[in-house]
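Participant: The structure under discussion is supplied below as structure tokens; questions concerning it will follow.
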């Protein structure tokens, strides 16, 4: 395990902590949202700031970047849409009566969750509220979206005839300890998922498998069937709040205030790895090419071999908690409450990991070949024994 040296680049343009970092779908740009009330647009090609979005009257809590438009939400109760090329504010979405802490863009919809206990749906293009989702008894912290086409069989869809106009569903997690599933078209609550005894901090949806994973301050992760609302499994080994989740190839990674990340088999609930070495809460995580990258309240990012759990590198330089990380073209981007965006070269780690994976595959191949030869030898011995016995 080696040290990081220094970052390839440190971007210090923001005048306040960076709360979120979003990567565009085409990978060409990054968006940062800050405590200074502004968002900045960065090019992944030259790591330069190419846009400065100003207009919010309070700090930005979260941001989302599409290829041609950027979205920010703020403690000023509003959401804004920005033109990526010109920096012009294209729309202001008003209606929430408290801090907007999360947004999600899906199809032509913009969803938002707020401390005013509601989630809302907006038309991306028309600056217009389409739906309001009321029912939570406390603030809405996290959002997910899916279509019933992804999870329901034809006969099940027929039972939901009144919702046929739109098959979109919104999932909300709240500090009231519940997860709710809503029909977007009517605002009607389709399911209330009960079981958590603490605030729901994070959600991961696996629509093809009809499953939803939720992490909570009650130290647990719970798996739900999103069609029936049935609680399927409870993951109980964390000793602190579950802050972030990542699902890759049916392996679930969970970051916690207990200073660890755990890896679970999503199908069985078995915990197969624990990643230690953090000196504070794990605030964010990202899986990339067999490597698990984490950001922590101890101001460090780390890289672990996802299979063995071995710590491969520590990235030091930030002064406060790392709130978000992104990876593109073997560069690691870390955004911190210290107001800086740092860029790290991870080519060395990726190359070493690729070589290791290649060796493992080669060893597995040799093992398989040995197994085949062994079976062939045993079969021959068996035939010889049978012949000697006159069978």
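Any Cβ shown, glycine's included, is placed from N, Cα and C.
Pasting the relevant annotations from TrEMBL:
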{"type": "REPEAT", "residues": "11-43", "note": "repeat 'WD'"}
{"type": "REPEAT", "residues": "93-132", "note": "repeat 'WD'"}
{"type": "REPEAT", "residues": "169-192", "note": "repeat 'WD'"}
{"type": "REPEAT", "residues": "193-234", "note": "repeat 'WD'"}
{"type": "REPEAT", "residues": "235-274", "note": "repeat 'WD'"}
{"type": "REPEAT", "residues": "315-347", "note": "repeat 'WD'"}
Participant: Which residues of the chain, 6 or more past the ends of the repeat 'WD' (169-192), have a CB below 8 A from one of its CBs?
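Facilitator: Residues packing against the repeat 'WD' (169-192) from afar: 109, 111, 113, 117, 119, 121, 130-148, 160, 162-163, 198-203, 205, 212, 214, 216, 218, 224, 226, 229.
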Participant: With Cβ-Cβ distances below 8 Å as the criterion, list the same-chain residues six or more beyond the ends of the repeat 'WD' (11-43) that contact it, or say none.
Facilitator: 49-54, 56-67, 70, 72, 74, 82, 84, 87, 320, 323-326, 328-329, 333, 335-343
Participant: At a C-beta cut-off of under 8 Å, are there same-chain residues at least 6 beyond the repeat 'WD' (193-234) that contact it? List them, or none.
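Facilitator: Distant Cβ neighbours of the repeat 'WD' (193-234) are 138, 141-147, 150-152, 156, 171, 173-181, 240-247, 250, 252, 254, 256, 258, 264, 266, 269.
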